[in-house]
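As recorded in TrEMBL:
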- 91-112: transmembrane segment (TRANSMEM)
- 148-168: transmembrane segment (TRANSMEM)
- 180-207: transmembrane segment (TRANSMEM)
- 227-244: transmembrane segment (TRANSMEM)
- 251-269: transmembrane segment (TRANSMEM)
- 275-297: transmembrane segment (TRANSMEM)
- 309-327: transmembrane segment (TRANSMEM)
- 333-351: transmembrane segment (TRANSMEM)
- 387-406: transmembrane segment (TRANSMEM)
- 413-429: transmembrane segment (TRANSMEM)
- 481-502: transmembrane segment (TRANSMEM)
- 605-623: transmembrane segment (TRANSMEM)
Amino acid sequence: MDELIKKIEEIEKRLSAIESWVGFWISQESQTVPPPPPIAVPSSVPTKPPTPPSYVLEDLSGRESLQETPKTTMWVSETGPRNLESYIGRWWLGIVGLVAIIFGMSFFIKYAFDNNWIGETGRIMLGIAMGLVFVVAGEILRPRIAKYSYILSGGGLALFYLSIYAAFSFYHLIGQPTAFLFMGLITAFGVTLSLFANAVELSALAVSGGFLTPYLLSTGTVNDAGFFSYIAILNIGILAVAFFKKWRQLTILGFTGTVLNFASWYGVYYNSEKLFFAISVLSAFYIIYTLAGVIANFVTKKLSDTGDLFVLTINPVWFFGWVYYLLKPQYENSLGFVAAGLAALYILFAYISSFLNPDDKRLTLFLGAIALVFLTIAIPLQLDQNAVTIAWAMEAAVLFSLGAILKNANMRMFALSVFLIAMFRLFAFDSERGNLAEFTPIFNKRFFTYFMVIFSSAVMAYVSSINAFEFTWREKGVRAFIGTALNILILIAISLEIYAFFDARIFELNRKSLQSSQYGNNSGQVLNDYGTVYRLPDSQEYRSLANKRNASISVFWTLYAVLLIGLGIVYKNGFLRWLALILFGVTVAKVFIFDLSFLATPQRIISFMVLGVILLIASYLYFRFQKQLEGTLSNKP
């Protein structure tokens, strides 16, 4: 009976503890959850006594104290001075300490060497032993302090490299093939250790040692094929590790080492007889890094980031820069084909990317942009002057259309940049009238160039008009700019043809006058058969042709302004009508200032009459369609 009472008392104590714990949490919840409203119970229904709650006993040993709740502790942010302090304490002190130990060991070994305490072989073995000590210590500490262990293991790898280098270069204990083999094994060991420890830092150190090996073991003997074969094998290993471990830093390090190795080889061993060997080496490394970057994205199906795009960008720049530099002295005519070939290659990659990894639109657009850049470079390298302008204008139209289809504002802005360059070339280099003796209106190289640029701008204007609602705030004035450029190009193209048409006849008149004279000079003054002075600018034929030329320009501008007004009314486009009004203003200024002063009376009459009649017609149209026009004045172009 006493034992039963004791057990009951123990159960009551445990129940009291559980009730106190449950009561604590209920009190916490009661502070935030309002009690439910009371429920009215009919008096006729007898109430039952409350049923005691059933408790589930748990092992509370794993819980924290029931009497106290954990308090929130306000810690200082890890950013700022404390973070810098931690970084300096962890990394700087460790690295400086490692360097100090290496220096101290070097001083000790030198002192031992000077006193003949240790022989040459013993010195090398001592360095290797110290390297092993560092590596083993790093592996022992790695489970507890991983980052610190990398410093120790890295120091061990450095001691391995220095020991083999000393054995080869200082003491001549081993030959070059043996030293090369040992350093290759050290590199492989370092990479393996980094994979085992999952430490990109160790892998980077091993790779750096691998790139330094040819310089540390160089004897001055030329072995180009062996040198670049070693670099190629090293790169393939680097890219394999970087791919499987997703260590992009290793890819960038490998590419940097390749660039520096090629540049150093070129500075020491290159000559003109090695041109095609150098091009082959460049092509091999370019293909390795291009395929590595593209295939990695295709296989993993991951979205490309800044690191991926960086390698894909800098690799073709490095390759084409060297190829251009090497081929330009002797094979300049082939550079355009090289750039066009690279453009075709990146177009192929962009197509494959859109097919195999459609979610990564950034990579597809980036590859396409690289292709367009190389195509832009290829045009001036391979084509004549006018063809360059035409190709750039067509490229701008294609880019702008693709930017609208793909809804890519950056591509559209790049297209506008190419279009501006094409217009600059058109005005600066392709607007010369050429040989007037062989001039043919319309069917000449200059007008064809203008026509193609006008066609490209018309395509861009059409695309911008049907996709204006998708433009960003940066493209607010793009539609108006393209429309203005289109009309200015048309005006300039036809005006130049009118000028050239009459200038060709003036040139023919001058040529006939010179042929009929005894001699002439550059001022246009000649002597006729009767020995009297004949001044071409003062001749009636010259004045007639010049007057017709100027009057024709005025009439054309006026008619074109009327055409713009008509189109603006038909399509309810206020932008076209404003262009027409501006052109009317320019034409009026020309007629009243220039034509009134320089034209002969017949041409002056024609200019003023045509201008007046057309202005009256334009005014009538504005009165006739006043309500419709005022309703569309606020429309965007």
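Even glycines carry a Cβ here, placed using N, Cα and C.
By the Cβ criterion (under 8 Å, sequence separation of 6 or more), the transmembrane segment (275-297) is not in contact with the transmembrane segment (413-429), since fewer than 3 such pairs are found. Highest Cβ pair count under 8 Å relative to the transmembrane segment (227-244), across stretches 180-207, 251-269, 309-327, 387-406, 413-429: 251-269. Proximity of distant same-chain residues to the transmembrane segment (148-168), defined by a Cβ-Cβ separation under 8 Å and at least 6 residues beyond the stretch ends, is recorded for 90-91, 94-95, 98, 101-102, 123-124, 127-128, 130-135, 137-142, 174-176, 178-179, 182-183, 186, 189-190, 193, 197, 199, 201-202, 205-206, 209, 212-213, 216-217. Within the same chain, residues 369, 372, 376, 385, 388-389, 392-393, 395-400, 403, 449-450, 453, 456-457, 460, 474-475, 478, 481, 485, 489 sit at least 6 positions outside the transmembrane segment (413-429) and bring their C-beta atoms closer than 8 Å to a C-beta of that stretch.
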